[in-house]
Structures are given as C-alpha cells and as structure tokens.
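Novice: Pasting the feature list from TrEMBL:
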| type | residues | note |
| --- | --- | --- |
| REGION | 303-325 | region 'Disordered' |
| TRANSMEM | 7-27 | transmembrane segment |
| TRANSMEM | 54-72 | transmembrane segment |
| TRANSMEM | 79-100 | transmembrane segment |
| TRANSMEM | 106-126 | transmembrane segment |
| TRANSMEM | 138-163 | transmembrane segment |
| TRANSMEM | 175-199 | transmembrane segment |
| TRANSMEM | 211-231 | transmembrane segment |
| TRANSMEM | 243-263 | transmembrane segment |
| TRANSMEM | 275-293 | transmembrane segment |
Amino acid sequence: MGLSSDNIHGLVLAVSSSIFIGSSFIIKKKGLMKAGASGTRAGSGGYSYLHEPMWWAGMISMIIGEVANFAAYAYAPAILVTPLGALSIIFSAVLAHFILEERLHIFGMLGCVLCVVGSTTIVLHAPQERNIDSVKDVWMLATEPGFLVYSVIVLVLVAVLIVRYVPKYGQTHMVVYVGICSLMGSLTVMSVKAVGIALKLTFSGMNQFKYFETWFFTIVVIGGSILQVNYLNKALDTFNTAVVSPVYYVMFTSLTILASMIMFKEWDSQSASQIATELCGFVTILSGTFLLHKTRDMGNTSSSEVSAVARSPKQRHNTNNTNSD
C-alpha cells in the first residue's frame, strides 16, 4: 500500500502518541502507588490519586498522546493508526522493567514481539480510507443498521460488566476492567475520527460545528474518555502494568478495527488475500497476548516457586503433609 502525505502525517502522529501514552502508564502507576500508600487505593474505589502531582504528570503525558492520536485519525484510516499502539506496549514494558521493577519474562518479551509483528502485518495490508466530505457523511455511516446493532451490543456489555461483574470479579480478573475500557474505546474512537474530520474540514474553511452531529460525537468522546480513564486507573492500580498495557492494547485494537470495518465497510475494497493476511495479523496479536497473560508472574517468581507450581496437586499435597510432620 502506497502512503500518501496524509497517511505519513498520520503515522508520525501515531508514533508520537505511542511514546507519550507508553510513558503515561508508568508515570501514572508511580502516582497511584504513592497515593495508595497514604490513602484509599484506586482499585478499592479511592480517589486520593487526584491529589498526587505525579499522577497528574502521567495524565498530561496521556493527554498529549491522545491529542496526537486524535489528530492522526483525522489524516489516516483507523485500521492504519490503531495498530501502531503496539509501540506503547514496548515503551511501557521497558520502562516498567527499569522503573517499577516489574520484570518481564522472556516469554512476555516474545509476546510483545508477536503483538508488534501482528500489528505490522495489519498496517501493511490496511485498506485505503473512503473520502469523507462532511461530518454528515460519518453520521450516515454511524446510523446504518449494522453499526447501530454493534453499538447497542457494546453498550449492553459495558453495562453488564459494570453492574454485575465489577463488584464480584474486578479485583481478581483483569479482563473485567480492561474489557470495559476496550468496548467503550471502540465507540469512542469512531467518534474521535468524526470530530477529527470535522476539525480538519473546519480548518480548511468548511465549518462543521454548525451541525448537531458534530456536537453529538463530541459528547460521546468526552463521556467515553472519562469512563475509560476511571476503569483504566483501577486496572493499573490492581494488576501488573507490563500485562495491563499489552492486553488493553490487543482488546482495544481488535474491537476498534472491528467497529471501523462495520462502520466504514473497509473490507469491501479488499481482496480475499488481503483480508486473510489481516486475519493472520489478528491471530499473531492474540498469540502474543496469550503468552503475556499466561507468563505474567514468571518474571517475579523464584525458581523454587515455579517448580512448586509445576508439581502436580498430589505432589504438593504430599509435600505439605511432610512439612507438617
């Protein structure tokens, strides 16, 4: 796929965004740790981190990254911009290793590599974006039956996770918090793209803020972002950053690309081989996520603990009996 000047601008902005966002995970985690030492932890429902300067420094870094990401969507298609978030995984994991001492096991490193390879595959075979001349064009795409059904399903799932699963499993199952962020994020990105297009057209002389559709998308962006920040804070405060970051990336990227495909029908202009290659990229990303998830504690586990876990339940039971004797 040839890269136009707009796509190059989008790529530069997306890479810059990944650097700032990857750093923000670590800075915010440090702030959450300091706030949790003197107040109620965010994972337990506390908001003492709002008084912590380091947390706000992380938020500023994330905001800068999100602004760059926001601008990238105005220039390049979502399926090209979103997978580049893999760079934030590498940056965040390396910083977590040296700053937070959250060691990343060799299989975790391999998982990161697989995520990057899968993302690169998707980027190289991404479809060309359709021409959008007005925010009303985006509104027409967003109100078609297919995307409306997807939006309803996402909102129902988010409500069920918040009401039913957060109280019971939020502290023990990372996928609950990350799932809420990722599901809502897929709708937020579609609105971000709409607002980005509206700003781009407005700056070129065609005012798009006279349409209510622009303001509707703006409200969705604000509401979705607040919800994501809240539950992402809970995830970061409760679980290992080196795992939260890549799992969030994979779920968010997969759902965002799915939403983009449904809304913009980008697969209609692709051949079967291109679609198959993109699906292989998804499988590669999911494989990397599996490795990261299954080996998340190996970097901080001693060899004796690993061997104890590897023993069968019967062997562990016999050992416990021997120790008690």
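Every residue, even glycine, has its Cβ placed from backbone N, Cα and C.
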Novice: Give residue numbers and ranges for long-range contacts of the transmembrane segment (54-72): same chain, 6 or more residues beyond its ends, CB-CB under 8 A.
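Specialist: Long-range Cβ neighbours of the transmembrane segment (54-72): 9-11, 13-14, 16-21, 23-32, 34-35, 81, 88, 192, 195-196, 225, 229.
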Novice: With the transmembrane segment (7-27) as the reference, which stretch in 106-126, 138-163, 243-263, 275-293 has the largest tally of C-beta pairs below 8 Å?
Specialist: 243-263
Novice: Take a look at 79-100, 106-126, 138-163, 211-231, 275-293 and tell me which one has the most Cβ pairs under 8 Å to the transmembrane segment (175-199).
Specialist: 211-231
Novice: With a cut-off of 8 Å between Cβ atoms, can you find at least three pairs linking the transmembrane segment (275-293) to the transmembrane segment (211-231)? Only pairs 6 or more residues apart in sequence count.
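Specialist: The transmembrane segment (211-231) and the transmembrane segment (275-293): touching, no.
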Novice: Between the stretches 79-100, 138-163, 243-263, which wins on the count of C-beta pairs under 8 angstroms to the transmembrane segment (211-231)?
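Specialist: Of the candidates 79-100, 138-163, 243-263, 138-163 scores highest.
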Novice: Report yes or no: does the transmembrane segment (79-100) come within contact of the transmembrane segment (243-263), defined as 3 or more CB pairs under 8 Å with a sequence separation of 6 or more?
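Specialist: When sequence-distant Cβ pairs are counted, the transmembrane segment (243-263) touches the transmembrane segment (79-100), since at least 3 lie under 8 Å.
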Novice: Take the transmembrane segment (138-163) and find every residue of the same chain, 6 or more past its ends, with a Cβ under 8 Å from one of its Cβ atoms.
Specialist: 132, 176, 179-180, 183-184, 186-187, 190, 193-194, 197, 213, 216-217, 227, 255, 258-259, 262-264
Novice: Which bits of the chain, at least 6 residues beyond where the transmembrane segment (243-263) starts or stops, bring a Cβ under 8 A of a Cβ in it?
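Specialist: Sequence-distant neighbours of the transmembrane segment (243-263): 22, 25, 77-79, 82-83, 85-86, 88-89, 92-93, 96, 108, 111-112, 115, 119, 122, 141-142, 144, 146-147, 150, 154, 174-175, 178-179, 181-183, 185-187, 189-190, 232, 235-236, 282, 285-286, 288-289, 292-293, 296.
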